[in-house]
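**Q** A single structure is presented below for examination.
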Ligand SMILES: Cc1ncc(C[n+]2csc(CCOP(=O)(O)OP(=O)(O)O)c2C)c(N)n1
Ligand SMILES: [Mg+2]
């Protein structure tokens with residue numbers, strides 16, 4: 001019967017679709033079939049012009065939960081079909097939307113292309129913001145029964161609602177508790193972010209209580225779903241849900257330490273900081289990066305699944321859930337990552353968009369008006385709308401609507417899924433839907449108002465009723481059961497595939513593959529002819545990455561230049577693409593440096609770190625050194641998290657030549673050297689390249705940036721990998737007979753300029769200045785050497801020390817009395833000529849250093865007298 005009504009309505013609408021007056025005739029049809037939601041778009045660019053059928057804007061309900069009257073419910077359903085024929089009403093609708101009060105479509109989100117059975121099945125359906133609601137040529141229609149689009153079909157309420165058991169809180173109380181607890185904590189310490197936990201409370205419940213598979217009793221269970229809070233400021237939502245889910249680490253007292261004076265050993269940081277044993281997978285805070293981290297986690301899971309799963313043995317089949325706000329979607333890194341995930345078809349990735357259309361400065365309508373669903377669709381994503389569930393005025397339905405969308409997302413294959421949930425930031429407060437509610441305490445009076453509104457006692461703070469905890473009671477047993485099932489699967493897998501299981505276990509343990517060191521060439525196996533250090537690096541990549549699945553390499557479109565490829569490699573790609581498969585370990589990141597580095601962080605975070613800080617994924621990324629500037633925010637986050645990623649940064653100086661100053665780094669190394677926990681290496685030759693790689697792979701945990709030359713450098717007499725792994729060492733002394741006694745001058749240098757330092761030292765020695773050459777490929781490691789060693793290498797109280805490096809001098813005052821360095825941008829030209837032009841010719845360096853030695857023949861310079869010897873050098 002209904003089906004007939006639907007079909008009649010759909011036929012009518014289709015036949016009327018060019019008739020501007022037609023929509024007024026549709027209301028009666030719709031009234032006869034209330035489930036058939038027909039909307040008429042009022043937007044100018046739609047085929048039919050302005051609208052007839054539309055939602056009537058409705059202010060947010062101020063009613064207490066459970067207090068909705070029958071009359072009110074009826075009013076709501078009829079309002080959905082009420083007719084607004086005039087242009088004025090259309091405009092009002094869109095204004096009302098800006099105030100966040102209505103479910104009316106903002107013009108910028110009018111869908112522009114069909115997504116489902118629009119052309120075939122008679123269902124005029126595009127994805128749109130309402131569950132299963134779509135626009136077609138100005139008509140929006142929801143027709144569940146014939147539509148093939150993934151609609152968020154609400155789960156039966158009984159599955160979620162617990163009203164039948166008086167010991168278990170109603171969902172209204174669960175949401176009220178989360179909202180008021182967030183408001184209380186932020187108010188108590190007058191700082192933090194309560195607005196988003198309040199607005200997205202139902203998303204949190206739907207994720208943690210309903211959708212995600214994890215085991216609070218063993219947070220490190222390998223096949224757990226991963227959750228990344230890209231909108232890190234909303235961490236109270238995560239902390240509260242971890243607590244309710246039963247994580248041992250998250251007591252109420254622990255959650256209350258958020259923003260408190262009791263912070264030193266607190267887990268409740270102002271933004272989540274990696275603590276996987278407490279349910280925090282990665283550190284977030286800089287908006288947008290979390291999306292890229294979750295893409296990395298999803299790629300890691302896909303790759304492991306492709307490498308180790310066998311028919312009937314899906315030992316890796318978890319999902320990666322990422323929570324994003326408006327901000328992460330505005331960030332470039334977010335969009336880069338979205339594009340990557342869509343290209344690779346990462347269907348184990350689900351991005352949940354808390355669409356409250358508010359950021360710190362208020363409405364996003366003044367700066368962010370693009371069509372989000374369309375943008376994701378264009379990138380190859382599946383998009384599901386959970387609508388604005390809070391309009392249900394029924395907490396259980398609010399949660400179940402979202403949970404249903406999440407479930408559909410979980411089931412979708414072939415593409416990552418975006419779930420859009422419209423929310424109101426600060427829900428329940430009179431300050432809701434404003435900028436200030438994002439990051440300011442509500443004020444005592446307002447907190448009391450919110451509690452009264454949700455029928456909680458305004459006199460009590462930090463209340464978490466046992467009944468609310470009980471509503472999460474099934475989470476831990478469910479997680480334990482899932483883990484047990486998986487353990488059983490692993491047992492059977494180990495019997496059936498012992499060698500795969502063994503390797504899988506090794507990778508999970510974080511142990512490096514046995515014998516990897518032996519595959520590195522010894523000094524006498526290295527090429528003796530001069531070659532670029534980037535090419536020497538390629539020898540290491542070839543030796544290791546070609547053999548061990550731990551290595552996952554990639555480039556931001558400069559693979560030919562960065563030598564992170566190997567013979568016979570397979571690309572990480574969707575198998576259907578024809579370019580590779582998911583077991584492939586060469587990642588085409590495209591020209592997306594920022595997300596490349598953040599994705600690498602996600603890859604590194606997927607498997608547990610061993611006590612030595614090694615893990616079963618060793619992500620190698622690469623680009624020109626200059627463009628690591630684009631990746632710097634993510635490398636910084638990797639350093640903060642002590643996650644091991646290796647960045648191959650080639651073309652590291654003026655030596656890049658004709659590409660010019662745009663490509664010639666000057667100041668970048670100063671930033672990386674100043675960054676705690678990141679090691680910047682600049683090896684002088686092939687021998688030191690080996691040392692850099694060794695340290696990057698098994699040295700202290702954290703990221704390394706390996707800077708390599710484009711131009712050829714000789715294998716230097718005296719270069720030594722053992723010395724290099726101390727960060728700096730004496731490579732040679734001229735004349736040779738002063739070795740052991742104190743030279744007059746020490747030239748300390750890095751990378752391709754160590755060869756220059758050797759040449760200059762020989763010249764100066766010829767002029768009677770006994771000179772030793774120190775290669776310092778990694779300052780950060782040299783700093784950690786014992787004082788005695790440092791004094792021996794750099795006897796700066798007995799000899800003059802001059803640094804030679806074609807980067808800014810910043811930082812060298814720590815090791816030297818003077819420097820031969822860059823103080824301007826570079827220039828476009830042949831590389832050898834450029835070094836001459838900027839004063840790095842052998843003759844000029846010998847002269848300026850010789851003059852410096854002469855000027856200080858009787859006295860060493862003191863602190864604060866550091867000199868840049870090329871300052872004033874006429875470059876051009
Ligand atoms: C890269 C970056 N820029 C700026 C900020 C500061 N900041 C924190 S939250 C925020 C607004 C985020 O808005 P949205 O994602 O919509 O979150 P909501 O306010 O809705 O919770 C800003 C600008 C940041 N954390 N990261
Ligand atoms: Mg927002």
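In case you wondered, yes, glycine gets a Cβ from its N, Cα and C as well.
OK, TrEMBL features for this one:
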{"type": "ACT_SITE", "residues": "593", "note": "active site, proton donor"}
{"type": "BINDING", "residues": "193, 438, 534, 561, 651, 659, 663, 710", "note": "substrate binding site"}
{"type": "BINDING", "residues": "326, 356, 358", "note": "Mg(2+) binding site"}
{"type": "COMPBIAS", "residues": "79-88", "note": "compositional bias 'Polar residues'"}
{"type": "REGION", "residues": "1-23", "note": "region 'Disordered'"}
{"type": "REGION", "residues": "53-113", "note": "region 'Disordered'"}
{"type": "SITE", "residues": "193", "note": "site 'Important for catalytic activity'"}
{"type": "SITE", "residues": "438", "note": "site 'Important for catalytic activity'"}
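Please situate the listed features within the shown structure.
**A** There are 28 other Cβ atoms within 10 Å of the Cβ belonging to residue 593 (active site, proton donor).
In sequence order, 534, 561, 624, 625, 626, 659, 663, 708, 709, 710 constitute the residues six or more apart from residue 651 (substrate binding site) in its chain with CB-CB distances below 8 Å. The DSSP secondary structure for residue 651 (substrate binding site) is coil.
A simple way to gauge crowding: the CB of residue 358 (Mg(2+) binding site) has 27 other CB atoms within 10 angstroms, across all the protein chains here.
The Cβ of residue 193 (substrate binding site) lies under 8 Å from the Cβ of 186, 233, 234, 235, 236, 438, 439, each of these being in the same chain and 6 or more residues away along the sequence.
In this structure, residue 438 (substrate binding site) is part of a helix by DSSP.
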**Q** Using residue 593 (active site, proton donor) as the reference point, find which of the binding-site residues 326, 356, 358 has the shortest Cα-to-Cα distance to it.
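**A** Going through 326, 356, 358 one by one, the closest to residue 593 (active site, proton donor) is 326.
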**Q** Show which residues of the chain containing residue 326 (Mg(2+) binding site), separated from it by at least 6 in sequence, have their CB under 8 Å from its CB.
**A** 355, 356, 357, 358, 359, 364, 368
**Q** Taking a cut-off of under 6 Å between Cβ and any atom of ligand 1, tell me which of the recorded positions 593, 651, 659 pass.
**A** none
**Q** Comparing the binding-site residues 356, 561, which residue's C-beta has the most other C-beta atoms within 10 angstroms in this structure?
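**A** In terms of Cβ crowding, the pick is 356.
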**Q** Taking the residues 193, 438, 534, 561, 651, 659, 663, 710 listed for substrate, what is the greatest CA to CA distance in Å, to the nearest whole number?
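**A** Result: 48 Å between the two most distant Cα atoms.
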**Q** Near residue 534 (substrate binding site), how many other Cβ atoms are within 10 Å of its Cβ?
**A** 25
**Q** Let's check the environment of residue 659 (substrate binding site): how many other CB atoms sit within 10 Å of its CB?
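**A** A count of 15.
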